[in-house]
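Straight from TrEMBL, the features:
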type	residues	note
BINDING	B:Gly13, B:Gly14, B:Gly15, B:His16, B:Ala17, B:Gly18, B:Val125, B:Ser180, B:Gln370	FAD binding site
BINDING	B:273-287	NAD(+) binding site
Number of protein chains: 2
Amino acid sequence: MEFPKVFDVIVVGGGHAGTEAALAAARTGARTLLMTQNIETLGQMSCNPAIGGIGKGHLVKEIDALGGVMARAIDRAGIQFRILNASKGPAVRATRAQADRTLYKQAIRQTLENQPNLWLFQQTVADLIVERGQAAGVVTQMGLRFQGRCVVLTVGTFLGGVIHIGEANYEGGRAGDSPSNALARRLRELDFQVGRLKTGTPPRLDGRTLDYRAMTPQPGDEPTPVFSFLGTPEEHPPQVACHITRTNERTHAIIRAGLDRSPLFSGAIEGVGPRYCPSIEDKVVRFAERDSHQIFVEPEGLNTHEVYPNGVSTSLPFDVQLDFIRSIRGFENAHITRPGYAIEYDFFDPRGLKPSLETRAMENLFFAGQINGTTGYEEAAAQGLIAGLNAARKAKGLEPWWPRRDEAYIGVLIDDLITRGTSEPYRMFTSRAEYRLLLREDNADLRLTPKGRELGLVDDARWRTFERKVENIETLRGELERSWIQPDSETAKRLAAVLKNPLQREASLLELLRRPEVDIARLLELAEVDSAAYTPAEVEQVMIQAKYAGYIERQRAEIERTRRYEDLRLPESLDYRNVVGLSREVQEKLAARKPATLGQAARIPGVTPAAISLLLVHLRKKSA
Amino acid sequence: MEFPKVFDVIVVGGGHAGTEAALAAARTGARTLLMTQNIETLGQMSCNPAIGGIGKGHLVKEIDALGGVMARAIDRAGIQFRILNASKGPAVRATRAQADRTLYKQAIRQTLENQPNLWLFQQTVADLIVERGQAAGVVTQMGLRFQGRCVVLTVGTFLGGVIHIGEANYEGGRAGDSPSNALARRLRELDFQVGRLKTGTPPRLDGRTLDYRAMTPQPGDEPTPVFSFLGTPEEHPPQVACHITRTNERTHAIIRAGLDRSPLFSGAIEGVGPRYCPSIEDKVVRFAERDSHQIFVEPEGLNTHEVYPNGVSTSLPFDVQLDFIRSIRGFENAHITRPGYAIEYDFFDPRGLKPSLETRAMENLFFAGQINGTTGYEEAAAQGLIAGLNAARKAKGLEPWWPRRDEAYIGVLIDDLITRGTSEPYRMFTSRAEYRLLLREDNADLRLTPKGRELGLVDDARWRTFERKVENIETLRGELERSWIQPDSETAKRLAAVLKNPLQREASLLELLRRPEVDIARLLELAEVDSAAYTPAEVEQVMIQAKYAGYIERQRAEIERTRRYEDLRLPESLDYRNVVGLSREVQEKLAARKPATLGQAARIPGVTPAAISLLLVHLRKKSA
Ligand SMILES: Cc1cc2nc3c(=O)[nH]c(=O)nc-3n(C[C@H](O)[C@H](O)[C@H](O)COP(=O)(O)OP(=O)(O)OC[C@H]3O[C@@H](n4cnc5c(N)ncnc54)[C@H](O)[C@@H]3O)c2cc1C
Ligand SMILES: Cc1cc2nc3c(=O)[nH]c(=O)nc-3n(C[C@H](O)[C@H](O)[C@H](O)COP(=O)(O)OP(=O)(O)OC[C@H]3O[C@@H](n4cnc5c(N)ncnc54)[C@H](O)[C@@H]3O)c2cc1C
């Protein structure tokens, strides 16, 4: 049966990628259908109940700056908020929050249900409608056909999913959900590079059987941080503490004794796991010298006793899981409510994607999330937003958009994926960004919201708040810039309390703020500047911009230099065999990857700066 | 792997039967394991978001009287409460509530997680451990072995589940969940009578696309009723209204035109559906003379726009569903979020059960819920409670308990099932009870709580509340009994306002209350009896007992007469071929069904009163 409505965009999958994709497409006005296996699992967190962290928090703030839902949802569902690296520079500071799973799902579903231009439909997709080699819709398990100008696939760990616990395994999309095998078979028949990856999750524990007195409590920060640029602490549900405990030598001995029955080490799992989110058995083997690893004991919500022991992801046999868990301080009598497991699934080599996240192999088909070889809710959501946006733009005949590496972590993510590919689940780190100083959490809105507004992603309410913020920052900065302090003036005497070296010559408050030792709050107080009209975020922004102006300028200049060729587009029709002087190897690499810009070409391993110069010469000659 | 703990009771399945079973077993002190496919779906309502109704409300109150969770949960999750048949006699009055699905699941899960002696574990059960022909535990999909003295199976519609929409079908336990095929295969190999039944659900609609102005609103009752004997209206979340609309001739024409592609009429479904909860296509065919059927438009929760159109359950092809939905007033632009479907599944002939709900074919194995051929959350929960209780009692070597037909609807349910079996999904009606006047909602606690206390099902808090209630009823009744009113007294003059015929002779207030026209509230007011110390339920109870005393006495006497033989146990070893005078046919029927009591024997179709007399003679001779 043919569904009577033709959609602009059909998003398949209601995880973190799918929900952002559907919301982004619908926000820009595209008639969007979100098709998912089960409406009850919209926005479900497959693994740990937390959002953010270093690198990931940055992504969440960027998604928020572009009008996305993730930060808004966690502000309504977060039960413990912290700023990580709070004592370090602003570039690596990052927000992280524990979530109440039920509240998080509820916030996501409510946002989806209230989004204009967005329709929800519960069915499992089994096939794509392909017309003249282009995606043109989807076919469900029941044979219902839905036509869409563009299709965004975000089916996570479900394609050919196999769940492993010790020597046993069975088919599943994640614990409790069916795998997507019909769709996986179809996609394998099509023109994509398919590989296998794996990821794992720890056993869940019954909190009533834990001895919290044997652990270290870890409360959230005070004052409670927020995630969204529109968020307030008043939106948060009640806050609770996490706890910390550790593995010990006995734990490790039990694990080592069980390794021969581990599917990771027996060869039963072929997929590669996430290096930066390793299982506890991985850690015990790889870091054999360490006799203890930290475990964060995270509540799963306000209304449940279930607990997520972060740090002991495992696919060891269940008897080994039970033994090693009970060897841990505070867990001596622990009851496991759900066994830990690993899951293996199909992913597609992301080098097969354009930077818009459209696949090269099939026009009008976009991929986002775990199926592109990434891991993590935030990475999935970031891709979802870009894929949904570009699917909507393509459906309207508009050019795609994606942020550059120097504009956003989202840009780093996409560029890394499509130019370098990945051989293990990819997750974000601040170290992946070369322009870290520019890509801070605190300025994600300043970097991206104007563009988001232009793209139709940012609604009026957010835009008004943003404009007010920009104006206030300008006003306060201007005021500080115009406030000249004379040496020996009354103000200078008061300011001596915060200055390492006394004032020698006339200086503006803005200049003084640049001194590393000066805190803006104290400065404003002593200089008697009335700052009641500014939010803490605005005041902080003025300080960061002042203090890091020099570094930021230098990074900007470097970007300018690189950008000159970075952005230079390489025509898809370019025949690399005609580029004079290029080695056969480099020719083949470039032909295989088809980079969209010279910058991407430069980041392909094996493509030397010399080769880039040759390419540049070739392009200049051609366009002349 | 062998789990290190041996449980008294293992309950398989976390639906309505499974949760009551696990809670009942654990309440009596049995070490209980609840094993379910997915902890996230504990207490999930597969179909309509409502609890109670005529006959069903009675079951819920009885479950509550025995310490169960269902009434407590709906009091915390109900968003519209009504008393059905409020204008009729107290026997057929019944409470019904719409549920917020999420809140309902949350209330159930919270109760389970906080129940002492109860452990939860997430895994799919694939097999039973059978030792010397007796159930001794379960084996999960992953090969984990859990030993239990008794096992209660409550796996609902999941055994060999097949989902149908039009001509398409696929395997599933219900939409979004996997079927239990491994377990189904194993059970088919064992000694049970397996059959197929089917049930269906309507499509869900996006409330934003409905025109509520074209429908009739139906608010809840004021004052808001409660379900549990411990409940208060303050526990309820905010209350909302339902709406009513109707099918019309065009709707019926569309449905008739689609019948040739209906799996019900094409023969694709072999299972028999619920006669009293028919699909709309069933109704259109069976009641061809009617040109309209009512639809209750029920909200699925406070935080969702999804809507459940109660009355149009269907497995017609999706295009027909879409067409007929849009032919309905108020639904002209409806977007369907989830298609309607029918599900076929295995059930076991309940005549293979003892009244304790233990199976005859395998000792220590109990069945409860949908797998016994019933339909409905309340029917499932009622069986769950009895099966869980008796599994716990069996594990401790205690005699089983179940209520008689004259003690509870639960007794009617069990007795109907095990003596008559069922050829279609069985649901409760008040008409199934011969002692309706005794089995009222209002006295469920008076009927059952003392027994529940004795069985260890009722905790101290409930017991104290109950004792206070009984005492208050006694006190008030006594006071009314002792308040003698003289004709021509001041009080008599005031009372004239509520009496049809004036007082002729001295009468107690209790006598006056028996007059049909007298309302107790008015009576107490005019007679200046201080009733501030009594709850409305207590006052109502005194009135009902007074008014119906005559009828109730007559029913009691009848019960006494029948009970004489009703309760007479028939030894399992009884050889019916030795009963002089019994026809071969009756001998075979009795041998096949093995009734536990003479009463049950009497209710087997074909067993005549004459045959019962012969049996009675036989038994007297044997025991003499
Ligand atoms: C066991 C496990 C352990 C993990 N461990 C970690 C970890 O340690 N660290 C970490 O960062 N991340 C981890 N993750 C990954 C994290 O859950 C994912 O990165 C993230 O959920 C990906 O989001 P997504 O939107 O791409 O896919 P998902 O969240 O998986 O969502 C996929 C969606 O698609 C739907 N769907 C699937 N097939 C179909 C179909 N055919 N038709 C319609 N809908 C369909 C599903 O129902 C679901 O809604 C783990 C995941 C799992 C399952
Ligand atoms: C489509 C549909 C339509 C329905 N329509 C109606 C209706 O119109 N009217 C009506 O009164 N009732 C209807 N029902 C029936 C109602 O949902 C059931 O009567 C009720 O849910 C039965 O409760 P239960 O506890 O027996 O089973 P369920 O509620 O089905 O619960 C079964 C539980 O067992 C778990 N489980 C299954 N297999 C395994 C396994 N191998 N290992 C571990 N756990 C397992 C499941 O996850 C689930 O938690 C309908 C049900 C469905 C699915």
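Each Cβ is built from the backbone N, Cα and C atoms, and glycine gets one as well.
What TrEMBL says about a protein is an automatic prediction, not a curated fact.
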| Contacting binding-site residues for ligand 2, chosen from B:Gly13, B:Gly15, B:Gly273 when the Cβ sits under 6 angstroms of any of its atoms | B:Gly13, B:Gly15
| What is the interatomic distance between the Cα atoms of B:Ala17 (FAD binding site) and B:Phe287 (NAD(+) binding site), given in whole Å? | 33
| said: Please check the binding-site residues B:Val125, B:Arg275, B:Ser279, B:Lys283, B:Val285, B:Gln370 against ligand 1 and give me the ones with CB under 6 A, sequence order. | reply: none
| remark: The correct three-state DSSP answer for B:Glu281 (NAD(+) binding site) is helix
| Cα-Cα separation of B:Gln370 (FAD binding site) and B:Arg275 (NAD(+) binding site), in Å? | 15
| field | Collapsed DSSP category at B:Gly15 (FAD binding site) | value | coil
| task | Express the distance between the Cα positions of B:Val125 (FAD binding site) and B:Lys283 (NAD(+) binding site) as a whole number of Å. | result | 37
| request: Give the three-state DSSP assignment (helix, strand or coil) for B:Gly273 (NAD(+) binding site). | output: coil
| query | Fewest neighbouring Cβ atoms within 10 Å: which of the binding-site residues B:Gly13, B:Gly273? | reply | B:Gly273
| field | Assigned conformation of B:Phe287 (NAD(+) binding site) - DSSP reduced to three states | value | coil
| message | Highest Cβ count within 10 Å among the binding-site residues B:Ser279, B:Gln370: which residue is it? | response | B:Gln370
| field | Integer Å distance between the CA atoms belonging to B:Gly15 (FAD binding site) and B:Val285 (NAD(+) binding site) | value | 33
| task | Give me the Cα-Cα distance between B:Arg275 (NAD(+) binding site) and B:Gly15 (FAD binding site), rounded to a whole Å. | result | 23
| note | Per DSSP (helix/strand/coil reduction), B:Val125 (FAD binding site) sits in strand
| task | Would you count the other CB atoms within 10 A of the CB of B:Glu281 (NAD(+) binding site), including those on all shown protein chains? | result | 26
| task | Give the maximum pairwise CA distance in Å, whole number, for the residues B:Gly13, B:Gly14, B:Gly15, B:His16, B:Ala17, B:Gly18, B:Val125, B:Ser180, B:Gln370 listed as binding FAD. | result | 17
